[in-house]
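Contents: one structure, followed by commentary.
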Amino acid sequence: MGIRITPSILNSDVSDLRGELAKIAGADWAHVDVMDNHFVPNLTWGLPVVEAILPVSPVPLDIHLMIADPDRWAPAYAEAGAQSVTFHAEAAAAPIRLARELRRQGARAGLALRPTTGVDPFLELLPEIDMLLIMTVEPGFGGQSFLDSMLPKIRAARRAVTEQDLDLWIQVDGGVSRETIERAAEAGADTFVAGSAVYKAEDAAAEVEALRGLAEGAHRH
Ligand code: DX5
Ligand code: ZN
């Protein structure tokens, strides 16, 4: 199972996004949190900012849409060239149709679950998506504590992926750090968002490698 580190630029220095992205050239993807002040009580950026950073990012963009009505808004991110677009199960009216549309546009399609959303109702539609994002904090803000209560959900998702023999990434987002990444990896996550852990570190690039090493070590055991 491969490991992917996908740092979130949410709490980077947004006055210098180009420079902040350059720091994570050794990561696999850059995770971009789009919030609409409706689905979550916070507002960040949208399509114009994603369009602006796509050509200057050293790594592909992993867009995490924390927005209402993704059926209407998500396809434009794929059309703009974002390599992965994740929408929330709680917000989508027709998740299968939307996932198919994102794939048709050439993006990887991701489905995100809030902490209180169970994975069971979505097990049948896993073949329709490329990544399942299990939130390990309530979405909306960086810097919150990892919810250990999500570990059983990660395990259940991993079991389903193994049973169905799918090529599906399991991403965790929220409170991922040197203290928590091994637990998430042992439970079956393979794709790790880390916001404050990476951007509050003295050396962001070294932090990415440290997280990668811990996750790989946890998978080996
Ligand atoms: C929170 C966002 C996360 C956030 C994670 O709703 O989805 O991607 O940036 O930040 P940390 O790693 O600080 O918890
Ligand atoms: Zn996120």
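Even glycines carry a Cβ here, placed using N, Cα and C.
Summarising the annotation, TrEMBL assigns active site, proton acceptor to ASP33. Per TrEMBL, the feature active site, proton donor maps to ASP173. The annotation substrate binding site is assigned in TrEMBL to SER8, HIS64, GLY140, PHE141, GLY142, GLY143, ASP173, GLY174, GLY175, GLY195, SER196. Positions annotated as divalent metal cation binding site by TrEMBL: HIS31, ASP33, HIS64, ASP173.
Distribution of TrEMBL features across the structure.
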residue: SER8; record: substrate binding site; CB count, 10 Å: 24
residue: HIS31; record: divalent metal cation binding site; CB count, 10 Å: 29
residue: ASP33; record: active site, proton acceptor; CB count, 10 Å: 24
residue: HIS64; record: divalent metal cation binding site; CB count, 10 Å: 26
residue: GLY140; record: substrate binding site; CB count, 10 Å: 17
residue: GLY142; record: substrate binding site; CB count, 10 Å: 22
residue: ASP173; record: active site, proton donor; CB count, 10 Å: 27
residue: GLY175; record: substrate binding site; CB count, 10 Å: 25
residue: SER196; record: substrate binding site; CB count, 10 Å: 18
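Sitting within 8 Å of the Cβ centre of SER8, HIS64, GLY140, PHE141, GLY142, GLY143, ASP173, GLY174, GLY175, GLY195, SER196, and not among those site residues for substrate, are the Cβ atoms of LEU10, ASN11, ASP33, VAL137, PRO139, GLN144, VAL193. Spanning the residues SER8, HIS64, GLY140, PHE141, GLY142, GLY143, ASP173, GLY174, GLY175, GLY195, SER196 that the record associates with binding substrate, the maximal Cα-Cα distance equals 17 Å.
GLY140 (substrate binding site) carries neither a helix nor a strand DSSP state and counts as coil.
Under the three-state DSSP scheme, GLY175 (substrate binding site) falls in the coil class. Checking the recorded positions HIS64, GLY140, ASP173 for a CB within less than 6 Å of any atom of ligand 2 leaves HIS64, ASP173, listed in sequence order. In the three-state DSSP classification, SER196 (substrate binding site) falls within a helix. Each residue contributes its Cα atom, and for ASP173 (active site, proton donor) and SER8 (substrate binding site) these two points are 9 Å apart.
Within 8 Å of the centroid of the Cβ atoms of HIS31, ASP33, HIS64, ASP173, where the record puts divalent metal cation, the same chain has further Cβ atoms from THR6, SER8, LEU10, VAL32, ASP62, MET66, THR86, LEU133, VAL193, GLY195. Here the CA atom of HIS31 (divalent metal cation binding site) lies 4 Å from the CA atom of SER8 (substrate binding site).
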